[in-house]
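Asks: One structure coming up, written as structure tokens, with questions to follow.
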Amino acid sequence: MLFKQQAWLRQKLLVLGSLAVGSLLYLVARVGSLDRLQPICPIEGRLGGARSQAEFPLRALQFKRGLLHEFRKGNASKEQVRLHDLVQQLPKAIIIGVRKGGTRALLEMLNLHPAVVKASQEIHFFDNDENYGKGIEWYRKKMPFSYPQQITIEKSPAYFITEEVPERIYKMNSSIKLLIIVREPTTRAISDYTQVLEGKERKNKTYYKFEKLAIDPNTCEVNTKYKAVRTSIYTKHLERWLKYFPIEQFHVVDGDRLITEPLPELQLVEKFLNLPPRISQYNLYFNATRGFYCLRFNIIFNKCLAGSKGRIHPEVDPSVITKLRKFFHPFNQKFYQITGRTL
Ligand code: A3P
């Protein structure tokens, strides 16, 4: 009898213990997410909004995580849009490139900020003549719904290297903020090649080896006609942009550091965009399986980037890598000189 009672007591204690531990874990997680619900009034001051400070952050977060999704899927009625004072705003900042620099990671990570709303798709408005011909209203209609206090950001990496783009963006908004994310140029060129190679393989097509494309077989010099090489000469492209925008309107993100240590890079962008610091270590966690940082919005919602980001690169002849690094060196120096950022 005594033994039975003891067993019953032990079982009860076990249940109570599990409940206590469960509640504690829930509270710890909640504190983490509550941190994300702090008032974000400085945004309103800086971005010129008139909404009540207590009301905005919660609604903005709610909107970003729930309603926004519905709006994107086209499930929201005009009435709901009106009710929530939602607007489609032209971007106040654009990630103009560089292709394979980490543009998607940067956009998704910035979207963790409650005052930022991302345009999910690459819109290719300024680099595509047909799209550009459709006019600025067409472009605005491609933007996601947002509160007037939020800022919209889009990314189309082709903008950085396309001749006509700086003038076109200037005509839309001469004081727009421009983000450029770069990686070590040789790595970027190989990443660029890997993406094209994968596309060919998907179509069962063969493709040249990287070495064959990057080095001119006649001169044994770096082949500057190869697009992946040309794109990595960052300073050449930037110089074209500087004919329209002062350097203060650009911010360079170190794409290699964004991979290994994203938070400090994101904090620099928050500063550049005049946003209060809201992205924290809580929002970024390293996923060992992916080998990359992934995003945590709250206790329920987190995500890693798609598998097409973070591909395994093919092996490249070390002598070709050395040749390319030597080739890019003076251009990098010039880029550092102009931007004031050594990478
Ligand atoms: P690789 O696939 O060569 O590794 P973009 O979005 O401009 O196409 O850039 C893709 C690159 O973003 C990837 O190149 C990857 O290295 C980099 N990247 C940076 N942060 C990442 C992250 N958190 N998850 C996945 N890829 C990331």
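Glycine too: its Cβ is placed from the backbone N, Cα and C atoms.
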Asks: Can you tell which of Cys220, Cys294 TrEMBL lists as bonded to Cys304 through a disulfide?
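Replies: Checking TrEMBL, the candidate bonded to Cys304 through a disulfide is Cys294.
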Asks: Counting Cβ atoms within 10 Å of each candidate's own Cβ, which of the recorded positions Lys100, Arg104, Lys309, Arg311, His313 comes out highest?
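Replies: Buried the deepest by this measure is Lys100.
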Asks: Please give the average pLDDT for the domain 'Sulfotransferase' (91-335) in this predicted model.
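Replies: Here the mean pLDDT over the domain 'Sulfotransferase' (91-335) amounts to 97.
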Asks: Rounded to an integer, what is the Cα-Cα distance in Å between His313 (3'-phosphoadenylyl sulfate binding site) and Lys100 (active site, for sulfotransferase activity)?
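Replies: Cα-Cα, rounded: 12 Å.
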Asks: Same chain only, sequence gap of 6 or more: which residues have a CB within under 8 Å of the CB of Gly102 (3'-phosphoadenylyl sulfate binding site)?
Replies: Ile181, Arg183, Val253, Gly255, Leu258, Ile259
Asks: If H, G and I count as helix, E and B as strand, and all else as coil, what does DSSP give for Lys309 (3'-phosphoadenylyl sulfate binding site)?
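Replies: For Lys309 (3'-phosphoadenylyl sulfate binding site) - judged by DSSP and reduced to three states - the answer is coil.
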Asks: To the nearest Å, how far is the Cα of Arg311 (3'-phosphoadenylyl sulfate binding site) from the Cα of Cys294 (disulfide bond)?
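Replies: Arg311 (3'-phosphoadenylyl sulfate binding site) to Cys294 (disulfide bond), Cα-Cα distance: 15 Å.
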